[in-house]
Amino acid sequence: MSAPPAAAAAGPRARGTAAAYLFLALAAAFWSGNFVVGRAVHGRVPPVGLAFWRWAVALALLLPLARRPLAAQWRTILRAWRIVIPLGVLGVGNFNLFVYLGLTRTTATSALLLQSACPAFIAALSPLLGGGRPGRRQLAGIAVSLAGVLVILGRGTLSALAGLAFGPGDLWVLAAVLSWALYTLLLARRPAGVDPVALLAALVAVGVAWIAPFYAWELASGARMALDGVTAASVAYVAVFASVLAYRLWNEGVARVGANRAGPFIHLMPAFGSLLAVALLGEAFRPFHLAGLALVLGGVTLAGTSGRRGRAAA
C-alpha cells in the first residue's frame, strides 16, 4: 500500500526544513566567531583592511567554483543589477565594514547584544518590503530567544545588564544590523534560477568594489596591518568560514524557510559566542550560560514551528 500523496510529500519537505535550520545554525556559529576574531585583532588589523581582504580572499576562492555558472548566467545577473547591487552593498559591503568599525570602539559582548536585535528589525521591516507579517509564534519565539540573549549578556543579573554602556562603536554595529535585516528581506527579490554560488560570487564582487575606495583611503591615512601568522589565520577564518561557507548556508536557509523564520537564528550568535569564550578563552561555563542557551534554543524552535511562513528567497 502506498502512502497518501500528502504524507509522501511531507517527508522530503520536513527533511528540507530540518536541513535549512541546520544551515542557519551553522551560519550563526561561524559568524559568532567572526565577532570574536574581529575584536581580537582590531589592534593588529585596521577595520577596513580586514573587511577588504576578507572578501577579496573569499572572491578568489569563489570564482573557480562559480566560473561555469557565471559564464552561463552572467547576462541574467547583469539584468538584475537593481537588486544585485543593493544586496552586495548591504550584505557584503556595509554589514561587515560597519561591524569591524564598531569592534574598534566597543566590546564583542555589546556588539553581539546589538546583533540580537536583527530578528526584530526583520519582523518590523518585513511588511514594508513585501515579506509578509510574522505570525504570533514567530513573535513569541523572537521574544523568548531575546530573553535568552539578555540572560547571557547580563550574566544572569539585571545589574550587569544595566551596566552595559553604548557608544559610537555600538552605533556602527546597529547600522550593520539594519543593513543585514534589509539584506535578508531583499533576498526574496534575487534573480530567479541563478546558481547560488554564482549569485554569491556576484554579490561578493559588488561588496569588494564597494569597500575598495574606503580601503584606499585607510591606506592613504597610514593604517597598515601586521603581516604575521595571526593576521593570516584571522583573514583565513573570516574569508572561508565567516564568508564563503556562512553566506552560502544563510542564503540557502532563507531560501527554504523565509526571512521571518530565519531571523531568530541570529539569536544563536551570543549563545555560540559564550561557548567560544569557554573553549578558546578558558572562561567558566556558568548556570546563566545554560539558562540563556536553553531560552535561545527554545525561542528559535518556537519561531521555526510557526504555521505561517515568511516569503522565501526563492
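Note that Cβ sites are derived from N, Cα and C of the backbone, with glycine treated the same way.
TrEMBL does not curate its annotations; it predicts them automatically.
Residues annotated as domain 'EamA' in TrEMBL: 20-153, 168-303. The transmembrane segment annotation in TrEMBL covers 20-40, 52-71, 83-103, 109-130, 142-165, 171-188, 197-217, 229-250, 262-282, 288-305.
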**Complete:** For the transmembrane segment (83-103), the distant same-chain contacts (Cβ-Cβ under 8 Å, at least six residues beyond its ends) come to 34-35, 38-39, 42, 47-48, 50-51, 54-55, 77, 111, 169-173, 175-176, 179-180, 182-184, 186-187, 189-191, 199, 202-208, 210-211, 214, 247
**Prompt:** Across the domain 'EamA' (168-303), what is the average pLDDT of the model, as a whole number?
**Reply:** 86
**Message:** Give the nonlocal contacts of the transmembrane segment (171-188) in its own chain as ranges (CB under 8 Å, at least six residues past its ends).
**Reply:** 83, 86-87, 90-91, 94-99, 101-103, 105-106, 110-111, 114-115, 117-118, 121-122, 125-126, 129-131, 250-251, 254-255, 258-259, 262-263, 266, 311-313
**Asked** At an 8 Å Cβ cut-off, counting only pairs 6 or more apart in sequence, do the transmembrane segment (20-40) and the transmembrane segment (142-165) clear the bar of 3 or more pairs?
**Response** no
**Prompt:** Do at least three CB pairs under 8 A connect the transmembrane segment (109-130) and the transmembrane segment (142-165), leaving out pairs fewer than 6 apart in sequence?
**Reply:** yes
**Prompt:** Out of 109-130, 229-250, 288-305, which stretch has the largest tally of CB pairs under 8 angstroms to the transmembrane segment (52-71)?
**Reply:** 229-250
**Item:** Distant-in-sequence neighbours of the transmembrane segment (109-130), which means Cβ under 8 A and at least six residues beyond its ends
**Value:** 32, 35, 39, 99, 102-103, 138-139, 142, 145-146, 149-150, 153, 164-166, 169-170, 173-174, 176-178, 180-182, 184-186, 188, 259-260, 263-264, 266-267, 269-270, 273, 303, 310-311
**Prompt:** Looking only at residues six or more beyond either end of the transmembrane segment (229-250), which have a C-beta under 8 A from one in the stretch?
**Reply:** 23-24, 26-27, 30-31, 33-34, 37-38, 40-41, 44-45, 50, 53-55, 57-58, 61-62, 91-92, 184, 196-197, 200, 203-204, 262
**Request:** Using DSSP, break the domain 'EamA' (168-303) down into helix, strand and coil residues and give each count.
**Result:** 116 helix, 0 strand, 20 coil
**Request:** Using DSSP, tally how many residues of the domain 'EamA' (20-153) sit in helix, strand and coil.
**Result:** 114 helix, 0 strand, 20 coil
